[in-house]
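To start, the structure itself, in structure tokens.
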């Protein structure tokens with residue numbers, strides 16, 4: 001995609017801040033998420049016999065998804081083009097990318113939905129974790145090797161998803177009901193693509209780069225514990241959120257899937273952002289993310305059957321708490337970096353030489 005991005009970035013005026021490009025792409029993904037939440041709140045709209053999402057919505061979502069992906073690809077080029085690259089820009093870019101994972105995965109889910117030919121909410125939950133794991137794997141790699149490798153599986157998925165949105169607007173969701181090969185449904189292709197990109201591209205390349213650094217004796221951490229430390233909080237988040245699903249008396253994932261995905265994705269992005277800060281500053285990764293404490297408390301209450309009717313309310317409150325905590329963390333880090341490098345987050349003023 002670099003030749004395309006190199007052409008697109010020339011359209012932008014040099015006064016346009018790279019961080020503003022990054023933020024604009026992120027806001028488009030949020031808009032897509034909210035738009036689809038309005039027309040398909042519970043992921044049943046694509047099922048047979050249900051009121052389907054209007055065709056124009058698929059077109060809008062498809063175009064905006066591709067535009068957001070393009071903006072994510074050109075923000076760094078704009079920074080180098082205007083000589084305004086800063087650590088703040090790198091953190092801002094990758095930090096918002098980590099939050100974007102939940103938005104584009106949950107939005108694309110509406111194509112197939114939860115019908116007989118769709119995907120169950122638990123399978124989508126598992127696929128979301130595949131995407132989240134793929135994202136943090138690249139930053140785990142940089143935490144240990146000092147080099148960030150971004151696999152092209154992401155490019156394939158984003159272009160494909162944008163095309164599928166447009167195709168859905170033309171042929172309708174009914175086209176995805178029929179098998180495309182023998183008894184292999186399109187939902188199975190959707191699942192296989194996500195798992196395949198992770199298992200055949202992201203994981204092998206990250207392990208290859210890790211062992212190459214090990215062979216060259218350039219790893220930044222010598223012990224296995226320090227090497228694997230970035231995975232402690234994500235694994236705990238997975239265990240806690242999955243335990244909630246399995247113990248839930250009100251079947252929380254079935255009744256509030258979109259909000260549950262959002263809560264998990266937002267907690268994950270806070271964990272990832274803290275890892276990004278550590279690998280950028282060559283500091284030790286945090287062992288336990290404090291946002292896991294209220295989640296653990298909720299899971300304990302659910303396990304003890306103390307939230308038989310208040311479980312949805314608790315999910316809403318926990319989502320708000322995690323969101324506010326993550327936004328507060330982001331603001332604090334941005335302010336500290338801006339003060340240190342004497343820059344404004346959305347300006348093109350160059351950092352001082354000191």
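Don't overthink the numbers, they just go from 1 along the chain as shown.
Quick reminder: no glycine exception, Cβ is built from N, Cα and C everywhere.
Copied from TrEMBL, the annotated features are:
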- 12-35: transmembrane segment (TRANSMEM)
- 55-74: transmembrane segment (TRANSMEM)
- 95-112: transmembrane segment (TRANSMEM)
- 118-138: transmembrane segment (TRANSMEM)
- 189-211: transmembrane segment (TRANSMEM)
- 223-247: transmembrane segment (TRANSMEM)
- 259-277: transmembrane segment (TRANSMEM)
- 289-307: transmembrane segment (TRANSMEM)
- 313-331: transmembrane segment (TRANSMEM)
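Residues of the same chain lying 6 or more positions beyond the ends of the transmembrane segment (289-307) and with a Cβ under 8 Å from any Cβ of it are 233, 236-237, 240-241, 243-244, 247-249, 267, 270-271, 274, 314, 318, 321-322, 325-326. The transmembrane segment (12-35) and the transmembrane segment (95-112) are in contact, since at least 3 Cβ pairs between them lie under 8 Å (pairs 6 or more apart in sequence). Outside the transmembrane segment (189-211) by six or more residues, the chain places 108, 111-112, 119, 123, 127, 130-131, 133-134, 137-138, 140-141, 144-145, 147, 149, 151-154, 156-157, 160, 180, 219 with a CB less than 8 A from a CB of the stretch. Taking every listed stretch (55-74, 95-112, 118-138, 313-331) in turn, the largest tally of C-beta pairs under 8 A with the transmembrane segment (259-277) is reached by 95-112. When the stretches 55-74, 95-112, 313-331 are ranked by Cβ pairs under 8 Å to the transmembrane segment (118-138), first place goes to 95-112. Counting only same-chain residues 6+ beyond the ends of the transmembrane segment (313-331), those with a CB under 8 A from a CB of the stretch are 95, 252, 256, 259-260, 262-263, 266-267, 269-270, 273-274, 291, 294-295, 298, 301, 307.
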